[in-house]
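> First the structure, then my questions, so here it is.
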């Protein structure tokens, strides 16, 4: 199993690469790519960690050598948020980066599963889909927007509030991956109940958690370490499913049946071909139904922006 990380010299990429080097199954290959000249050195640094994961780093304009034979490609390349920016302000720079990298994936490893981490995910996934479609290699079961950070944050905040072990809590999060499009389904967390006020406050905190980190870092960056952990969790789940493990479920942002929007984050059963089954979002509370209806315009606009970027 070969995993490629594109954007591997950045804050998320390095954290992700470290976690994959220590946690991928023995015999896996890990390939790091970034435009930055430091990238082969990041791979050398990680190669000193004693795990049975082969690692190589590549830099420069051409990602092809890193992508050859990849089964999973995780893309975190792009610029990070600064205070006062929201994820959509990143669009102007990151759209071009994602388009270029996905074009290279389409040429070199068209059958790979692709996880898009680069923000704004609501839009960059639509860009990736249109690029793959133009190249004639789009498979909607193999393209994912990685929203796992919303899930791990929800798990952490709920566990803190309710005095639970964080490992015992699993909150499904649906919709998209910015602002109001992030909808944690708190009504579906087993064995925990919330007041209306708690639901409103928690939902808001989960939606704004990225900003909490950007502000706390005081201009020095955005959420890189928790995002690295979230991306590793998703990537490792995907690898396990591709290798035939049964019953692997993760939420991610994928093209579905279009009931809510063309792309939508929901629980997915993963398998040897990527998405095996898009699972139902279940029964929503009145608060959640309302929030779902309220986000769809924003989500659809974000998606249209990505489609237009490629097709203009």
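Placement of Cβ uses the backbone N, Cα and C atoms for every residue, glycine included.
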> From 34, 71, 139, grab the residue that Swiss-Prot records in the same NAD(+) site as 7, 8, 9, 10, 11, 12, 13, 94, 117, 118, 119, 227.
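According to Swiss-Prot, the candidate sharing the NAD(+) site with 7, 8, 9, 10, 11, 12, 13, 94, 117, 118, 119, 227 is 34.
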> Can you tell me how spread out the NAD(+) site is, meaning the largest CA to CA distance among 7, 8, 9, 10, 11, 12, 13, 34, 94, 117, 118, 119, 227, in Å?
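Max Cα-Cα spread across the NAD(+) binders: 18 Å.
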> In whole Å, note down how far the CA of residue 227 (NAD(+) binding site) lies from the CA of residue 81 (substrate binding site).
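With the alpha carbons as reference points, the distance is 13 Å.
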> Could you tell me the C-alpha distance between residue 94 (NAD(+) binding site) and residue 153 (substrate binding site) in angstrom, no decimals?
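Here the two Cα atoms lie 24 Å apart.
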> Taking Cα atoms as reference points, which of the recorded positions 7, 9, 13, 177, 227 is nearest to residue 153 (substrate binding site)?
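The smallest Cα gap between residue 153 (substrate binding site) and any of the recorded positions is with 227.
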> On a simple 10 Å Cβ count over all chains shown, which one of the recorded positions 81, 153, 177 is most densely packed?
177
> How long is the line from the C-alpha of residue 11 (NAD(+) binding site) to the C-alpha of residue 177 (active site, proton acceptor), rounded to the nearest angstrom?
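Roughly 19 Å, rounded to the nearest whole number.
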